[in-house]
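According to TrEMBL, the protein has these features:
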type     : residues : note
ACT_SITE : D111     : active site
ACT_SITE : D307     : active site
COMPBIAS : 449-470  : compositional bias 'Polar residues'
DOMAIN   : 93-431   : domain 'Peptidase A1'
SIGNAL   : 1-24     : signal peptide
TRANSMEM : 594-612  : transmembrane segment
Amino acid sequence: MARALVNLAVGTVVFFLLFLLSQSNPSTSPPRLLPPPHHGARPAMVLPLFPSSKNSSRTFLHSHRHLLRSDSHSSHPNARMRLYDDLLLNGYYTTRLWIGTPPQQFALIVDTGSTVTYVPCATCEQCGRHQDPKFQPDLSSTYQPVKCNLDCNCDSDRVQCIYERQYAEMSSSSGVLGEDIISFGNQSELVPQRAVFGCENEETGDLYSQHADGIMGLGRGDLSVVDQLVEKGVISDSFSLCYGGMDIGGGAMVLGGISAPSDMVFSYADPVRSPYYSIGLKEIHVAGKQLSLNPSVFDGKYGTVLDSGTTYAYLPEPAFLAFKEAILKELNGLKQIRGPDPNYSDICFSTASSDVSELSKTFPTVEMVFGHQQKLLLSPENYLFRHSKVHGAYCLGIFQNEKDPTTLLGGIIVRNTLVTYDREHSKIGFWKTNCSELWERLHITGALSPTPSSSGKGNSTESPTTTASDGSPHYDFPGKIQIGKIILDMSLSTNHSYLKPQINKLTEFIAKELDVNASQVHLLNFTSEGNSSLVRLAIVPSDSSTYIYKETARNIISRLAEHRVKLPDTFGNYQLVQWKVEPSTKQTWWGRNYMVVVMALIIIVVIGLSVYDGVWGMWRRKQQTVNSYKPVGAAAPEQELQPL
């Protein structure tokens, strides 16, 4: 009986041990790589922007998928390219072009107000220090100078064509014209094309001091990249831009036609009205109330000009005063404060929250009305910018255009808005969407498709970016996973050889920006990709913790994906290419020692039961000896006498 009890106890303990072992060996399926929502864009030519907005809800997936196919009426391919930087922090968006054979990379400002594309030339002595090395014609086997002819301005020796451009902020660029092969990147359907561009010999003003290398001219004119590609018949006469939202940066650009969504708002764009992209603005509404203005106020001089190279919006004096009065009336309950720059009389307000998603609860909506009552809804991020010195404060990003009667609408007006410049049909379309997510989906699939959901199989984690009710991107980690490591793949526009001696400083800056200890950021890989660099980093838990909190992981990924990490200019522009999370392998004391504890308990139980079995058996034998009964006269066993 006792032995049976011992066997039962040992069997129970062994079964318990096997159960623990089975539970401590989870699936080893590797986590899947995911792109950032970041990214924010693309068979049309698309240049990327980054994170999600409220208009990117799943109800729009079908429209998105239809949107970024090539124009159904055109067999032309499109060029897909990415947009970098941030409108308010940098003052512009850039994309990448590769010029020459072999290709030389350049970061160029996307500008619909310019017609020439130009980069600094190797011979330029009056050019600033920019993001990439100067263009070296001698290193390109396909470069040819544009010789002097009747259709261009010529140099003093009448040997080569030249160009000169001056801008309103008193900056200028001048140089010679050359022709070479221009490539649009490996995400583009459009194969490299020969095109004419400017090779700078002199820069002044902001063009000299800016980080970007030069300008990509998208305006109307024979030297415009768009005009040259259309003239060759390789794209249809259209292109689109999509800028990321407040605090986000990045976006997408499409060179070529796309199928417009059914609810896109259009305005007639008169190609003869001015040399710029002019639209027919008729009215402005604030909080649903029309400003008392004559529509002709928006038609002075060049009319209403849409310019991607301008940061803010500028209204003629009567329109600005009416707009300012209406905004102040709606916000009379908010405290008005000084602007961040004492040199300007900015109109700023202090609010209780710094959350961009909460702005619509405080600030009114604004509508711009075009012909045929086509209305473009402006959310607060389309007319406000964040105060750089006061937390939770915002300032108007619409100003008076001094005494100039032109209405100038810069990039702030079209944040998180897909803008299609349909030059073939003389119209410009506007469609509110999440521009950063637009680029992300183009980057992954070549067309917009549903965001992947988690598979929920074993420990394989597919962590999708979803959209919250307020339109902000949301990063989900399926199941009850404890995050032990975040793997980040980043692309930096800085040359590999230049970045290599500074790679440790880069990890230190990233740690500081992400609010983690430098010891938590580990460099896993560092490689070259053309003129750019690819860096793989791992973020691990601190020494005092066994895992990374999910909220901390979401914050790290979103800050990188949404370009809220600010690195020194020496590191160039960065892009979060993809990320993944891995389960925690760092165990607690119990996790490390529970097997020892279980084995000790088993030994104690076995020994205890064995001792109990021995003691119990001895007691039983003693009882049998004491209590045995023998009848009188019963035969007793003979006892052998022992010898003396």
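Keep in mind that glycine also has a Cβ here, set from the backbone N, Cα and C atoms.
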Point to revise | Neighbour tally for D307 (active site), based on other Cβ positions within 10 Å of its Cβ | key: 20
**Study point:** Cα-Cα distance linking D111 (active site) and D307 (active site), given in Å to the nearest integer
**Key:** 7
Review point. Over all shown protein chains, what is the count of other CB atoms within 10 A of the CB belonging to D111 (active site)?
Key: 22
Exercise for review: Averaged across the domain 'Peptidase A1' (93-431), what pLDDT does the model get? Just tell me the whole number, please.
Suggested key: 92
